[in-house]
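Novice: For reference, TrEMBL lists these features for the protein:
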type	residues	note
ACT_SITE	LYS87	active site, schiff-base intermediate with substrate
Amino acid sequence: MKFFIDTANLQQIKEAQDLGVLDGVTTNPSLMAKEGITGEQNVIDHYKAICDIVDGDVSAEVISTDFDNIIKEGEALAKLHDRIVVKVPMIKEGVKAIKYFSSNGIKTNCTLVFSSGQALLAAKAGATYVSPFLGRLDDISTDGLALIEDIRLIYDNYGYETQILAASIRHVMHIVECAKIGADVMTGPLSAILGLLKHPLTDNGLAQFLADHAKAAGK
Ligand code: E4P
């Protein structure tokens, strides 16, 4: 399972990269705004800075919603760095753009996916990644994990190569359940990734080992 971090915060990206388990980064316009990154040149520079930190795919989202401008924007983003994946929303013009990008060797991440029908369409258009937002489905009392299961079944039925990128991950159990289902990738906050480390028996066990060692050494 690939681990992506879902942030535009350079410090957090570095921390995850330093841990040695990071496979990529996803961003979106809200995450960029959260870091105070505004203005075309600053956004471009920030994407380049992210690409310089991480060994893996970096999703950069278009903000256009019509075919011509999605293509123009996506091609410009793709030229920034060979790690850039163009993130395109699941709308009619977006699906057309994904088909265009996949036919022209540009990697895509189809975002804002909330149903298995949308995921089927993204795969048919040739998306590199599809991003079902499981946390946001959970937020409205819908089973986000069931959607990941359905997409896995559909993609396996037909051998679609589009990778399931479980997005809107909120906590450790989301990651573990997605791994059990067979999501190809998960993208989540640093807190969820670091949360995987935690178990009280690990902490207690280590404290005991260190105390016993110190006692035996007469410290
Ligand atoms: C996916 O690529 C999105 O950036 C993200 O996972 C959305 O998560 P949120 O629902 O926590 O905003």
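Along the chain as shown, the residues are counted starting at 1.
Even glycines carry a Cβ here, placed using N, Cα and C.
Keep in mind that what you see is a predicted model, and the values were worked out from it rather than measured.
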Novice: Take the Cβ of the residue listed as 'active site, schiff-base intermediate with substrate' and count every other Cβ within 10 Å, whichever protein chain it belongs to.
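Specialist: Around the Cβ of the residue listed as 'active site, schiff-base intermediate with substrate', 25 other Cβ atoms lie within 10 Å.
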Novice: Three states by DSSP: which one describes the residue listed as 'active site, schiff-base intermediate with substrate'?
Specialist: strand
